[in-house]
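Taken verbatim from TrEMBL:
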type: ACT_SITE; residues: D407; note: active site, 4-aspartylphosphate intermediate
type: BINDING; residues: D407, T409, D821, D825; note: Mg(2+) binding site
type: BINDING; residues: D407, K408, T409, E531, F572, K595, R626, T706, G707, D708, R794, K800, N824, D825; note: ATP binding site
type: DOMAIN; residues: 36-90; note: domain 'P-type ATPase N-terminal'
type: DOMAIN; residues: 123-240; note: domain 'P-type ATPase A'
type: TRANSMEM; residues: 288-311; note: transmembrane segment
type: TRANSMEM; residues: 342-361; note: transmembrane segment
type: TRANSMEM; residues: 863-884; note: transmembrane segment
type: TRANSMEM; residues: 965-987; note: transmembrane segment
type: TRANSMEM; residues: 999-1023; note: transmembrane segment
type: TRANSMEM; residues: 1035-1057; note: transmembrane segment
type: TRANSMEM; residues: 1063-1090; note: transmembrane segment
Amino acid sequence: LWKQVLATLGFDPPHQSDTRTIYIANKFPLNGLYTPQKFIDNRIISSKYTVWNFVPKNLFEQFRRVANFYFLIIFLVQLMIDTPTSPITSGLPLFFVITVTAIKQGYEDWLRHNSDNEVNGAPVYVVRSGGLVKTRSKNIRVGDIVRIAKDEIFPADLVLLSSDRPDGSCHITTASLDGETNLKTHVAVPETAKLQTVANLDTLVAVIECQQPEADLYRFMGRMIITQQMEEIVRPLGPESLLLRGARLKNTKEIFGVAVYTGMETKMALNYKSKSQKRSAVEKSMNTFLIIYLIILISEAIISTILKYTWQTEEKWDEPWYNQKTEHQRNSSKILRFISDFLAFLVLYNFIIPISLYVTVEMQKFLGSFFIGWDLDLYHEESGQKAQVNTSDLNEELGQVEYVFTDKTGTLTENEMQFRECSINGIKYQEINGRLVSEGPTPDSSDGNLSYLSSFSHLNNSPHLTSSSSFGTSPENETELIKEHDLFFKAVSLCHTVQISNVQTDGIGDGPWQASLAPSQLEYYASSPDEKALVEAAARIGIVFIGNSEETMEVKILGKLEQYKLLHILEFDSDRRRMSVIVQAPSGEKFLFAKGAESSILPTCIGGEIEKTRIHVDEFALKGLRTLCMAYRQLTSKEYEVIDRRLFEARTALQRREEKLANAFQFIEKDLILLGATAVEDRLQDKVRETIEALRMAGIKVWVLTGDKRETAVSVSLSCGHFHRTMNILELINQKSDNECAEQLRQLARRITEDHVIQHGLVVDGTSLSLALREHEKLFMDVCRNCSAVLCCRMAPLQKAKVIRLIKISPEKPITLAVGDGANDVSMIQEAHVGIGIMGKEGRQAARNSDYAIARFKFLSKLLFVHGHFYYIRIATLVQYFFYKNVCFITPQFLYQFYCLFSQQTLYDSVYLTLYNICFTSLPILIYSLLEQHINPHVLQNKPTLYRKMYRDISKNRQLSMTNFLYWTILGFSHAFIFFFGSYFLMGKDISLLGNGQMFGNWTFGTLVFTVMLITVTVKMALETHFWTWINHFVTWGSIIFYFVFSLFYGGILWPFSDSQNMYFVFFQLLSSGSVWFAIILMVVICLFLDIVKKVFDRHFHPTNTEKAQLTETNSSIKCLDSMCCFSEGETACASVGRMLERVIGRCSPTHVSRLWSASDPFYTNDRSILTLSTMDSSTC
């Protein structure tokens, strides 16, 4: 709209170009023809407020809440017109609420500012004025040349200019961006690759033209125009030249790069989903209830106003002799008087809207969030990390989760590959402490449990391995056995793209093996984590890969260095699912070594133990291990000449190059001899399988969303228990068109219907998902809903968020939770109802942008089953109790108007009006909402099925359903009627309740109603409490005592600053009457007796799943899971009374009074949760 206005006025803003022009080192042309483009700075901003906008922005957000805005209007009305109550009665609670909420939100944003400052203040080195200048990350500008050292994270999106290598290449890991831990190679253009010093870079005159920022991590187009000797050289730039913010430099001493995208325009930041204020289902219900109560309030005000004027139609009531109207009142407009009276009644009844509800909820969420951080069960000792709460507004959503979306790498796994087993020539081996242990009989032994090879080191002095042959010769009886293992591990050590840190290998390739450098000191970097694990395993066995240059690979075998000439690399691709190398041994023989999935290697083999190896591979896969097969082929000189020629022709072809390469690879990789297979484990985090199984038992659907390739993702899903071996795995992958995708989805839907399988799993890749979401959302969702587990692989960060949004907006509107550990997971974390960040090895972007951060995936179970369940029950009761006690509070005021001719006379003193919600009734419900445990936390955590069973009681925000809301509201109205009419029957006919005949008046009547009401609502809270601590006792009974002490003090002094002394000595006289004491006790008992009867009836005849769990004897022999009746030893004096009361309402069985464990029963000694605040100790147990 603003742009349209400017255009209309003739101020048309300049059109944003599709490209940006960047002068390297900010060397702008001197001819003045260039208009500099403006770029943003390099600050990352995740905070919400600044010092300048905090007050106006926070006030605006707070007054968007119905209750806050309503009380602001009431406060202004009280200031403008003559109302029955003081403006302080509304202004003071409003000020208190606004202040507490602002402090809480300000503190949370301050924590976000600290995180941002840590990132933005990180030191970096920038080339300026011919030298290196140390500055902060936030000061990097577009065009600056930045120096990055090994293992540092790139502070902006950089175009690589040069590295410490002559060819200008470098290696990086992008684990925090796309979840892939493998090394990626990036290269600089030849003209800048040779500029390896600051002085040389200062002479560079070049311009980069590239596209404007976009979120796609894998897309970058641009060109570099380099001016050399008055000539312009143009070089294309692609993704291989761009170093993304958040990636880490590996295996390279240092690089220089020029910043092209900075701050919130980097690809990492653009993949952050724009922050939106997450609102819990409870808060939405609160707003609905407030609107209903607002309607009740307006209705009461309208009824009272109409009845007042109806009553005043009689002249004797319109202007009684004791209240004559002034001349101004007689001549004033009737409409204005009606409006004024309506507003006055509105002010009189306004306390039916509980303003303190919001501040109590805010305090409950804020203080309650500390329990998560204090819970020692969520503390990770190895890393010293405890759980963090970044947003406390969503605590109760943890107990409502229906879908969990999780990343794979670093979230479910430790991000570490470990070699476990292998199969060599049909014999299966395990690696145990660096030794290969045979699981089957070897040619030397009939015993299948003997170690065949402790390592190759025992052969160091063997005459059977000589330098005359690259693979050794031996006497007839040992030749084959040793050659098979020798060949196998040489294939492992040579068929890969692993590289070694330059720091560790300096000088190694140029001379003999340095005895001082042990294999364990080598630092390998690989394009695949599997390759790294295999090469490390071969090194432990005794065949150590030393390094490679452009044409040679060096391997140390049995202490002897051998060089193999690298002739060709046949790169891995997803169609072939294998890679190969062709090498020339020191003896001159040429060999092809191939490695790949069993489905791609075994069909190409013509020799070796194929069937035995196939069986072993299946056994490895059943254990969840990642398998690869190894094979070789010896090439004659003639065969090699043909292969070399075909590869050269394919690689230099200008037309159909990919097709010709594929044909050449197929021609070469045939007639192989199978050597064996390897099995590598991507080590899962501790207790991941148990956690996923617990989530499934709890009725929560688990989806894995990962950027990894399909084979890797499926393997990990099987090993972590996400997929079961008995599951029917369905696939939606490699779809090329909408029609093809739709047809495949229909086939999957038919298969689900026709297959008599209990559980189905679905695998879908990113490309197919894009097609499915574009046109076939409903069909795709139908398939997903019928699957127990879904795995999405090759997912871009924004695709993860789209999947979660698709589930969120489905007709069921389920509560979703996303958990991840890298920057690539930030979008889905922010999209889900609840976002969990794992504080892992991929940086802290996910943890910083999440709602909650935990150190390990296994902590998710307690976070949901215990904390989430408790928080929801607590806050649901808090909300309904607040409405109940305010109905009890204001309904007698409405009824009183029928007995005072609707004169707007207040029933309660203004001090009581102000302090009722702030002091007298605030603490019991607040402490309840912090400490309540209606079921033992051990039982909740160790019985996940309880989450599902009790979920039926709390799912879809059921505790705050309209039925429950109406029950509490009707209960409040019925109690209010008992307070008012009980007091009226006591004082209506005879108001002289003292022996001396002294009469009581209006304020005494109101104070009696207030006293009965206060005691009733406080004891009602006590009845709702299941878990009693000394704090609960203190605030519950202390609130009642405080009211009596305060009233005696307030009514016993003539206050000099008060205009009226209405309450002077009223409370003293009230308590002097025995009739009053009897009436108070009688009315409290009548009110709560009906409630107790209902509880007993429901608990015995219509118990909820929660109540069943409370009364059912658990495996740990906990006889009663509730409150003070569970502690028979060391009990306080009031405990016996409490136990008797609980027996009456059916909460505890008399035969199960003590909370004792038998010697054979388990006691959870490892639970050090601060939530367990009971007086029970281990000796009692």
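Even glycines carry a Cβ here, placed using N, Cα and C.
Unlike curated records, TrEMBL annotations are generated automatically.
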Taking only the residues the record lists as binding ATP, namely D407, K408, T409, E531, F572, K595, R626, T706, G707, D708, R794, K800, N824, D825, what is the largest Cα to Cα distance between any two of them, in Å to the nearest whole number?
32
Same chain only, please: residues at least 6 beyond the ends of the transmembrane segment (288-311) with a C-beta under 8 Å from a C-beta of the stretch. Say none if there are none.
66-67, 70, 317, 338, 341-342, 345-346, 348-350, 352-353, 879, 883, 886, 894, 897-898, 901-903, 960, 965
At the Cα level, what's the spacing in Å between N824 (ATP binding site) and the residue listed as 'active site, 4-aspartylphosphate intermediate', rounded?
9
Going by C-alpha distance, which of the binding-site residues F572, G707, R794 is nearest to D825 (Mg(2+) binding site)?
G707
Out of R626, R794, give me whichever of these binding-site residues has the highest number of other Cβ atoms within 10 Å.
R626
Non-local residues, at least 6 beyond the ends, that sit with Cβ under 8 Å of the transmembrane segment (1063-1090):
909, 911, 974-975, 978-979, 982-983, 986, 993-994, 998, 1000, 1003-1004, 1007-1008, 1011-1012, 1015-1016, 1019-1020, 1023, 1047-1048, 1050-1054
What is the Cβ neighbour count of D821 (Mg(2+) binding site) at a 10 Å cut-off, with all protein chains included?
33
Using a Cβ-Cβ cut-off of under 8 Å, list the residues of the same chain that are 6+ residues beyond the ends of the transmembrane segment (1035-1057) and lie near it.
911, 915, 919-921, 923-924, 926-927, 1007, 1011, 1014-1015, 1018, 1021-1022, 1025, 1063-1068
Using Cα positions only, nearest of the binding-site residues to the residue listed as 'active site, 4-aspartylphosphate intermediate' (R626, G707, R794):
G707
Just to be sure I understand, if DSSP states are collapsed into helix, strand and coil, how many residues of the domain 'P-type ATPase N-terminal' (36-90) fall in each?
27 helix, 0 strand, 28 coil
Which whole number is the mean pLDDT over the domain 'P-type ATPase A' (123-240)?
86
Here the recorded positions are D407, D825; which one has the lowest number of other Cβ atoms no more than 10 Å from its Cβ?
D407
For a quick check of understanding: among the binding-site residues T409, N824, which residue's Cβ has the most other Cβ atoms within 10 Å?
N824
